[in-house]
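Undergrad: Copied straight from Swiss-Prot:
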- Lys85: N6-succinyllysine (MOD_RES)
- Lys124: SUMO2 cross-link (CROSSLNK)
- Ser139: phosphoserine (MOD_RES)
- 161-214: region 'Disordered' (REGION)
- 170-174: repeat '1-1' (REPEAT)
- 170-189: region '4 X 5 AA tandem repeats of Q-K-A-[APS]-X' (REGION)
- 172-214: compositional bias 'Low complexity' (COMPBIAS)
- 175-179: repeat '1-2' (REPEAT)
- 180-184: repeat '1-3' (REPEAT)
- 185-189: repeat '1-4' (REPEAT)
- 192-197: region '2 X 3 AA tandem repeats of K-G-Q' (REGION)
- Lys203: N6-succinyllysine (MOD_RES)
Amino acid sequence: MVFRRFVEVGRVAYVSFGPHAGKLVAIVDVIDQNRALVDGPCTQVRRQAMPFKCMQLTDFILKFPHSARQKYVRKAWEKADINAKWAATRWAKKIEAREKKAKMTDFDRYKVMKARKMRNRLIKIEVKKLQKAALLKASPKKALAAKGAAAVAAAAAAKVPAKKITTEGKKAPAQKAPAQKAAGQKAAPPPKTQKGQKAPSQKAPAPKASGKKA
């Protein structure tokens, strides 16, 4: 980037240290390579010689003649609205934030910490929502799987023991008890025995007594 902040008549500078630190001045004349004649009619800085070491040049330039009187400098300053333009720059905002931070108490720093934590929590929640929406939009298969997992989680949270839900989100088929054989159906044949093994002997039922005991 080309350097454009040159020492010239009308250049507005920021005083970084010294008795007038934090104020803006305009260069009225250059005395030598180390000092300049400055004036700050709108910042309560009287016309005086000031070294370049304590000045930082800004991007603002006023149009007034060489070694102009204070009323011409004031008129050019107010016409260019230097104070409002300076307050809107990032440079001025950083200086103001630094001063506010230096004046903060322990309780103020605690409130700032809590506010930052709350802000970060809200940002994380919104980011997760956006990521989930993008995932569902990109792959419909993963969307169906996510819905099935959500259904399983909801069923587990509800704690319904009667209804068993599989991982696919469907009910498990109920097992029916074997029905009893009808009276007219024949019994199944006994299993075949291998050679060398005896067939299990079936005992005949005992005959019922015709007469009752005394």
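Glycine is no exception: its Cβ is also placed from the backbone N, Cα and C atoms.
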Undergrad: Take the Cβ of Ser139 (phosphoserine) and count every other Cβ within 10 Å, whichever protein chain it belongs to.
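TA: Result for Ser139 (phosphoserine): 12 other Cβ atoms within 10 Å.
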Undergrad: Counting all other Cβ atoms within 10 Å across every protein chain shown, which of the recorded positions Lys85, Lys124 scores highest?
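TA: That would be Lys85, with the highest Cβ count within 10 Å.
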Undergrad: Roughly how many Å separate the Cα of Ser139 (phosphoserine) from that of Lys85 (N6-succinyllysine), to the nearest whole number?
TA: 51
Undergrad: What does DSSP say about the residue listed as 'phosphoserine': helix, strand or coil?
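TA: For the residue listed as 'phosphoserine' - judged by DSSP and reduced to three states - the answer is coil.
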Undergrad: Find the average pLDDT over the region '2 X 3 AA tandem repeats of K-G-Q' (192-197) in the predicted model and report it.
TA: 57
